[in-house]
Structure formats: C-alpha cells, structure tokens
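Marked as L-serine binding site by Swiss-Prot on the basis of sequence analysis: 229, 230, 231, 283, 383. Per Swiss-Prot, the feature ATP binding site maps to 260, 261, 262, 347, 348, 349, 350; the stated evidence is sequence analysis.
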C-alpha cells in the first residue's frame, strides 16, 4: 500500500506510474474522497472546539443560577451534527482505504519500461542447453511411460490441472523439497512450516486481496483462503508487530502446498505439470532494513540460482518490465529454467523487493533504536524453487534415450538411486 500522503502530494507521478504499468486505479475518486475527508475532519474539529467552549459557559451559567436551556439545546444539535459527520467520515474512510488498496506499488527506477513479458530484459545466463543426439520427449510423456505421473487419475479424482505423482516421481518431489530447505537453512534462513489456510487480513497484507480474489480458492462460509504461496502466511507472521533493529535482517524459508485458480490461464499449459491448481513450492521471505533491501534482493536471487546450479540445470535471469511487474512489487527478477520440450526458458522463480508496500498494509515495523519512532520494514520474497517445475525440468533435461531419467548427482543421497528406470 502506498502512503496516502505520498499519493495526495504526487497524483501526477502516481498516474504516470499506472500508465507505465499498463493499468488503472480510481485516482479521481481518491482525490475527491481525500478532499471530502479533510473537509469533514476540519469541520468536526471546529464543532468540537465550539462544544468545549460552550460547555464551559453552560457550567458558568448554572453556577450563577441563570437559564442555560437554549445553549444546552444548541449543544445537542452540535453533538448530533458531529455524530452525523462521524458516520459520514467512517464511510468515506472505508471507501478511501479500498481505493488506496487498489493502487499498485511504484516500480523502482531501475525497472525497464515495457508493456509485457516481451519487454523484459535478460540479465545473465548460466549453463548451456543440452544438445540431444536422440528424439527427446516432453516430461508428460516421460512421466506416463515411467508410471511416475498419472494425469488421468488426477483428473478423475479432482479435475483438470491436478496430477498424481507416484513411486520415484513422488520421491523426487519430496527429495527436492528436503534438498532445497537444507541448502537455504545453511545460508542462514530459519525454516518455517506455515498454515496452508489464512484469513482475509493476511491476504490484504501481502496484496492478494481485494484485487485478486478471483485467483484464490476461498472456503465457503468462512474467512479462510487456501494460500497461493507461502509468502502469504510467512510475511504475515509479523503482522501488526514492531521488530527490533538489531534483529534485522530476518530470513525465513518455508515449504508449502500452493493453490491457485489460474482463472486467466484457460488453454495455456494444459499438458504436464507446469501449471497446476495445486503445487508445491519452497519460498524465501526476508524482512530487512529499508537501506538494505535492493542489496538483499540480489542476495535472494543468487540464493535461488544456487539451487539450479547445484542441479546443473541451464537457466537465465530477466528483469521484469513495468507492464509485467506484479501488483505489490517494486522490482522483480524472474529465473527461467531451460525446458527442451518447449524449446525455451520457463519461469521457475520470481524474486521481488516490495519495499514498504506489504509492510504498510500488514503493519510490520521496526524500531531503529530504543525510544525512536517505529518505521516500516522492507519485505522481499522469492521461490527457492517451484517444486513441480523443477521436477519437469529435471525429467526433460536429464532424460536418456531408453526413456530413463538420470538423477542429478546432488539429489542421489536424498533419492537413494542414480536413475529412474522404466
């Protein structure tokens, strides 16, 4: 959430930001509501001052034995007017809050201006895509032939975009989760195992609500939402709290199942496990001093990259342009892994700096020193990594001519095998 004072004083700047993002927000309504709110507050303050002054006068008249009935009647009218204004003010402030919550974050100056993913800027590459000397297969064909992915039964039991992982496929998924968490905890992240359902306040805190309610699964008749990412519960771990400056930075890593409606993905990635309603992910979340957040973003991205390097999977890093930037982010790097069946790089991690956008929504602050005014922390998060897409990338990049899949060396202690065979 942007600071209301900042929006008021920089309406043109915010309007320009929305244009660069290729989106809209009701700034005219914000201006109208904000002006009306300030007028009412000023009027109420004047009425309260008048009531206080006249209340003293009523006391003087009563002590003098004089009639104060007219002034008392006038004060009742003033009190009724104040009550009416207070009710109007509550309605205005509620709507104003909704308007402010609908305005996205300001992109950092280093974010390239562009319309969509075609305007994202490549930063670096690691590894060379494998050149196959046989006709390679997509992961969905490999998985069915090896009997480690069962799409038909996933669809029967749940519906489209659900999959059973079986045998070595399930073990590969579990091994990746353990490997990733082990690596990140060695890098100073504290492991968290979060709830997979959260309330609406948590979703507002990280920016999923109110704008993206259609992308989430809500438990009917409750205030519970299935989490789209562990970012939501882990960021809200410190909601409405004040951290000590000496405790910053705070690093957390969390495994969770993730649940997404994929409302805008009709017809995209209908085969395989690239785009599922339920998938597993290891998430990295940071709470840092505002002066350090962009430095911490570089470290976070490198931490996610290390996983792909250890798995020896080719990838590239791109900076998202303004038109492709997520709602809450000030700057995002996407890490994209090479997928032979798609003949391109596909996103496997997004690493973002939200600055104080989420912290302001969630009320997460820190005290620079004892007795000092509390300030908002900066929050960051990134996938470290998406498990299903990592499984798919391993299957496609490590496949053999006989249909088997070589297990990456770093995973063999977790898997207890070198090759997944038919």
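Counting starts with 1 at the first residue shown.
Note that Cβ sites are derived from N, Cα and C of the backbone, with glycine treated the same way.
On the structure: features taken from Swiss-Prot.
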residue: 229; record: L-serine binding site; DSSP class: coil
residue: 260; record: ATP binding site; DSSP class: coil
residue: 347; record: ATP binding site; DSSP class: strand
residue: 383; record: L-serine binding site; DSSP class: strand
Cα-Cα, residue 383 (L-serine binding site) versus residue 262 (ATP binding site), nearest Å, comes out at 18
The answer, for which of the binding-site residues 229, 350 has its Cβ ringed by the most other Cβ atoms inside 10 Å, is 229
Argmin Cα dist to residue 262 (ATP binding site) over the binding-site residues 229, 230, 231, 283 returns 229
Cα nearest residue 261 (ATP binding site) among binding-site residues (229, 231, 283) -> 229
Expressed in angstrom and rounded to a whole number, the L-serine site built from 229, 230, 231, 283, 383 spans a maximum Cα-Cα distance of 9
Across every protein chain in view, the count of C-beta atoms other than its own within 10 A of the C-beta of residue 230 (L-serine binding site) is 28
Expressed in Å to no decimal places, the gap between the Cα atoms of residue 229 (L-serine binding site) and residue 350 (ATP binding site) is 12
Taking every pair from 260, 261, 262, 347, 348, 349, 350 (the record's ATP binders), the biggest C-alpha distance in Å rounds to 19
